[in-house]
Structure formats: structure tokens, C-alpha cells
């Protein structure tokens, strides 16, 4: 099925890229599809009215673009449907192959395949990928390793550029006849283009191998930050290669230019980021366009930086990283999801298109193959990368607390993939200034193919072979969050005691500045005063609530640890009170039974509300244990009360998430407690303040009474049948049919022994929505 | 009685200078000296940090209790908890390092020195963390600490009958819940790695 679609789309593409199609007009040159209006076409002979005509030209461009996008997306779909392919070959490789095929097909038809134009690449295809990376950049790891990343990005790229450029020049001179015309500056230019690690390729490959966060951020951060270096070197060498020489002054200016380019880019990005954050403060009434601000401001940051030839990538990263904490505090949850998914979607499409076009351009582009040059380039690139990484790590490890091991170094070196940015930069070179441009192009494509195919395919088995630490998928728990914050403050305090103005000291100062001034400006309303811990806690609860709703409200959450711990296990207890059951007169029993019945009815209809202030563990297991004990007590009661009907029906609470569990406890923390029965039983009151409220009813009685409700009461309650869950020991026998019975009732069940609404419960109902 | 002989002379000298600066040339350090540090006043958990310096449990002694004043040796002992592990440390030794650091943290929370972090003690920790935000009420801190405590209990103990009472977090449980935080790499002060001349770049 996919194959058929693929062929169809291919056919369309091939067809549309041939210019002949454009001339298949209808009768009149400016016919529209909806209603031909033959204004300028008065001829003597009357032509029949064109019912259906073809006017392809004016939709040509969007039509072709859409077809390409469609092709890219269908390819992506197709790959994942073939089970084993996507686990062996990374997607980028497959896409390049597809591009090659498409390019080949187009060439076969006799047309010129479209090439990845640099303008399209830099203005439309690259920004979404970079914005996606920048917006979701893990700031904490990034800043912790900033020094290392900068070293690799700046010094590493410089080393690579000069090493490759210089050695290539030497090879060219040695080789003689054809290559001797390549001068030093061209070689250096070529070296600087090819030495930059490409973020697109790195993302594409690293995303699939789930490597640990440190390595990921090192390689990825390097690929982002080396853009400034590349930009400066590129412009420097391009400018002066026509002149033919460089003076020391130029080098000095180059360094200044580098600082301007990188810092300027960051400043531009930060300004736009702050603007975006500020704008988002006022969007509470127009939630729908919130994502638009994020996208447009970021794109403007990129374009503004490009206007001044600053580093657009760094501007984009800075913009995304700066605006994110404030924007996320201001926008609605749906907008947040929208932003996330739009960014992922765009970057995915861009990524796919880039690789396909790489393939197509390979078929198309003018090539000039020169064995010496290409092979030399390849070897020098690899060698330079390895030497650079090893050398730099040696220096960096002197300053790092967590040293980089040789395994880490290998992955960093191996992960230095080249990609489409290099290709586009070479493509921008004009043949007049650079007669060897085609040779450069061929060499770059070879290197790109090599890195993407060979390194991309083998990195996954190598990672497994070397047992490199993988990314841990653990969810962040509230304990970890508390202790991470605690550690931050502790380390800051120790630094203050030592009198050492280190990393933590400055981070703390920045946080304080942020809290005092920046947050007030950029975050709307009360959220500006919310400490991080509370925000985290809310987010966690929200997530659990959503999970609960999505799972249908009743199903057991797979991640929940079966635990019977509940709040009462934690609350400090008063010494256990006397649990003896008093003797009750028959009349009294009747009264109690009636009260219990009415309360139970009422509570069954209430849906538990969420309350973030009280907590409960999984009530399902809780319920089982409780009921086990209660059953024992019930047996005793049975002896006193005649004609006990054991089919009572206690609605077993569904095994639900901690939040719902929490919610339940909200109304009844003492439900699970065995309390002493006093004379003043009739009301079942929940008193949250004191865990052992002497007024709370002995729930056992409740069950006991319910047990004594005969079938009559069951009918009364409209046929809600609930079964007594059998004690856990005997559960195995009955589990089968009870589970079946419980299924349909789970939705009703939130109210095991909810003793009834009290004033406090009403409060809790409101407390949830912030 | 230094905990480990791996400290260099240069570092000791720097620390001694700092010690004399803090105590204003006296022989022993008291709580007031630490409280006088202006930057520390802004720290929400300063009390616990200061207490940690005077806690006998951190000095490697088996006895419990507080000291009223400490000498230079104890000062360095406490600070040596923040020393980063050597790069080629074996796994076993790394585990010990981690355990020691976690023990220090545990002692900071366990203010009544009974070896268990009770709910109240944990609640106080959370309250102090949030103390710099004036608008946060006590119930929120209670809620968070309750949630955290519940989580610890659920993860470490698992099944608990309704009658059982979870006393508090023991040291083993503490280690268990924080095993993913990588204390041995995070709880370090760079101070130990440098002399004052070299530049720091990253952690």
C-alpha cells in the first residue's frame, strides 16, 4: 500500500518537475478553475465553453513544495512500518537513499533535479530544527558543561579547520598537476567549512541511540556553538581568498569579529526572547495565538541576526532558552502542548526534507571527482577529529570534576558528523572565484555520506558494545527535586563559608536577581511569586491527573507501585485506643444502619475531587487490606446480628493513581483507620486535623451494618451490586469472577467508605483549581 | 585526625587563612562567626548548614551531640565532605564516597539525632526551603513534605498494613531514594581542585 503511494507520488514529482507540464493549459491563457472568464480572448470563431481546463502554472510552486513535503512524510511513515529496517539503519541514511533514488528517477526522465538551494536551506529548513533544539535545551546540563562545550566548539573547530586545510594544501602541492592551482586560502576555506560538526545530523543520529545526557549535551552543544566560528572563518577566508593573502591585522580583526558575531547573536536572541516573554504576559485573554508569538519572535531573532551577519543559530538558541521559563509560566497548558508539537513537527519535516534533498543534489550537482583530494579530505577529517578530541579532553579534564573517560572521548569523536550545513556553504561559493568548487562539492558530499552512513549506522552497535551509559528514563520524583534544591543551597552556603566565589555562588546570585526583578516583569500575576518547588509539585500533580483521566479513570496505572502505604502509616499516631466493640442494642443498630445507608447512597453519587493538599496511597490495595480486617470483625458481628447477608456490596475502589487516591483520602483519611467506637456514633465525621478523631465511626461497624442489609436494601439502591471482596488469602479463588464483576462498576466507585460530605470536603473541592 | 591524607598543603594553607579570617584570629570557631557571613544570611537553610559544622556525627565520632566550638581540624573535616572523588576511583570506593556524602546530608536533616528522619523533620526541611517565599503557607509545605514522605515509604517499604506506622526515613532508605541523583559528582565544591590562580571552566 505504501509502495503504491510512494510510486504515485514519485510519478507526480517526476512529472511536475518537467517544464512541459506547465504548458498544458486550457483554451485560454488565464483560465481559472472556477469559472472560466474569457475576458481577453475574443476571437472571431466561437470556441466551445471550457467546462474543465487545466491551469497548472499558477499553483506550480506551492504544489511542488507540498508534493515534496508529502513525499518526505510518507517516507518517514514507510520506514517505521518496515520493522527491522529502522532499528539497523538510522533514518537519515534511508532518507538520503530515497533522495538518491528520486534524483536518479528525475534525471532518467531527462529533467534537471532540483538542488538544495542555500537560500531555502538557511531561511526555511534550518530554523525550525534549531528552534526545536534551543527551546528544549536542557539548561542545567548545558550551563554545567558550558566550559567544555565552548572548548570543543571554538578551539576544536579551529584546530580541525587549520589541520585539514593546511594538510590538504600540502597534499595539493605534492600531488602536482591538477591540484597545484588550489591555493592555501581556498584550502583553509574548505577546511573551515568541513570542520564544523552539524547539528542536524547529530540530532538525527543521536536521537535514536538514547545516549546519556552528558555526552548528548556535549556533542550537541558543540554542534550548535561552532556556528559562530564557522561563520567567521567562512567570511574571513571568502573575503580574502580573492586578495590572496592575509595579514596579522586581518587575523586580529577576525578574532574581534568572532566575538562580535557570537555575542551579538546571543544578545539579539536574548532581546527577542525577553520581548516574547513580556508579550506572553498579556495573552491570558487570547490563548489561541500564544504559540504564534513564540514562533514569530524566534524567527525574527534568526532573521535579524542574519541581517547583520551575526550567528543566526546562536540567536535562535538564546531566544528559545531565554523565553522558555517565562513563557511556560504564562501560557496555558494547551498552548504549551501546541508549541511542543508544532516544533517537533516542523523540525521533523525539515530534517526529512534536508536529507532527501541531499540525496537529490548528489545526483544533480556538478561533480568533479579527484581521488587524491577526496580521500585525503576524508582521512584528514577523521584524524583531525580524533586528535582534537583527545588533546582537548586532556586539557579539559584538568578543570572538570567529572572527568571524561576514554569511552566518552571515543563517542564524542565518533559523533562528529558532518551534514547539510557544510554542503550548503560550499554550494554558496561561486565558481568564478573558486574554480575548484565542484571538487570541493564532491569531497564534501563524500565526507557527509561517509559520516552519516558509516558512522551513523555503526554508532548504535558501538554504543552497545562499549556499554556506554544510556539515558535514564526515570521520572523525576519529588524527593529528588527537594534534595536537588537543598543541595544547591547547601553548596552555595559552603562556598560562602569558604569564601570561594564559585559556580554555585553566581548561580545563586542569578537566581535571586531573576526572582526579584525579572520574574515580576515577565510573568503574569501570582505565578511570578511561585517557587520552583511548588511549580514542580503542581506540574507533577497535573501530570498524574491527566494520566488518570486519559486512562479512563478506573484502570490500574501500570507504573504505580503496588503499595499499601497510606497517609495514616505516616502520621504520628496517638497510642492505639481501645478497639473493643461495645454491645449495641437492636434499636441503636437500626438507627446506625439507616444512617450508614443514607450516607453511603449520597457518597456514591459524588465524584471524588482532587485535592492537592492531602494525600493517599493506592486505595485498591488499601481497600483490600482494610476489608480483610473488617471482614474478620464482621464475622464477629455476625454472631451478634442475626441473618447476616454476606453479599454486601462494598464497592471496591478502583486501583487508581496516587492522585485519585489522594483525592479519596481528601475526604476520608480516617476511612482506613480502625477507630474506637464511642457512644456518640451516629455521625460519620471526618476531621482532617487530628488523625484519630474520637468521633469518627468505626468503619467496621459500617461494614457490619452494611452486611446486615438484606437484599431488600440492595434493591432499594437500585440494584447496585457490589460484592464483598474476599480476604486476600482466599482471594485467589475468587479473583476471577470478582474482577469480572468489578469492571463495570469501577466507574462508580470512588467512594468506598466515604463517610459523607462535610464542610471540609466542600472546601477541598474548590482548592484544587489554582 | 584528618579524614584522609589526600589533601594538599596548598589547600590546607588556603583553608587556614579562611579559618583565621572567619574567627577573627581566635583559635576556635563558634556559631556566631559563621552567622556573621553576610552572604550566608540570604541562604534559606543556613541554620542547618551552620549546625552541620558543630555536629559530632560528622567528625567521625560515634557519639552524638553538638559541640559549641570547633577547631581548625573539625572545620577541614566537615569541608572535606565536599571533596570530589578522584577520577580513577574504583566502583567500590566510589560507593563509599557516595555513602559518606549521603550520610552528611542525612545528618543535616535528622536534627534530633535519632537516626531517622521523621515526618516533622522533613516538613521542617521543606518549610525552610520555601521560607524565602513569603506567600507560601504552611499547608503547602505540609502537603509537599507529606507527598515526599509517602513516596519514600511507597518506594522503600512497599506493602504496609493499615495499622503499621512508618516511623521515618532510615539511612538505608535515604540512600535508596537518592541513588539516582549522583551525589558523588554533584556534592562537590570546586575549591578543592584549584589553587586560586587557575581559571575555572565548568564543573
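Placement of Cβ uses the backbone N, Cα and C atoms for every residue, glycine included.
Worth saying up front: this structure is predicted, and the values here are computed from it rather than measured.
Feature annotations, reproduced from TrEMBL:
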- A:1-19: signal peptide (SIGNAL)
- A:21-45: region 'Disordered' (REGION)
- A:89-108: transmembrane segment (TRANSMEM)
- A:120-137: transmembrane segment (TRANSMEM)
- A:149-171: transmembrane segment (TRANSMEM)
- A:183-205: transmembrane segment (TRANSMEM)
- A:217-237: transmembrane segment (TRANSMEM)
- A:252-278: transmembrane segment (TRANSMEM)
- A:308-327: transmembrane segment (TRANSMEM)
- A:348-365: transmembrane segment (TRANSMEM)
- A:371-397: transmembrane segment (TRANSMEM)
- A:440-463: transmembrane segment (TRANSMEM)
- A:586-613: coiled coil (COILED)
- A:690-770: region 'Disordered' (REGION)
- A:733-745: compositional bias 'Basic and acidic residues' (COMPBIAS)
- A:759-770: compositional bias 'Acidic residues' (COMPBIAS)
Interface present between the transmembrane segment (A:308-327) and the transmembrane segment (A:89-108) (three or more C-beta pairs under 8 A): no
Positions on the same chain near the transmembrane segment (A:348-365), where near means CB under 8 A and six or more residues out: 68-69, 71-73, 75-76, 91-92, 95-104, 106-107, 112-116, 121, 124-126, 128-129, 200, 203-204, 419-420, 423, 427, 438, 441, 445, 448-449
Top partner of the transmembrane segment (A:120-137) among A:149-171, A:252-278, A:308-327, A:371-397 - counted as Cβ pairs under 8 Å: A:308-327
In contact by Cβ distance (the transmembrane segment (A:149-171), the transmembrane segment (A:371-397); 3 or more pairs under 8 Å): yes
Chain residues outside the transmembrane segment (A:252-278) and at least six past its termini with a C-beta under 8 angstroms from it: 225, 228-229, 231-233, 235-236, 293-294, 297-298, 300-301, 304-305, 308-323, 326-327, 330, 521-523
Confidence summary for the coiled coil (A:586-613), mean pLDDT rounded: 59
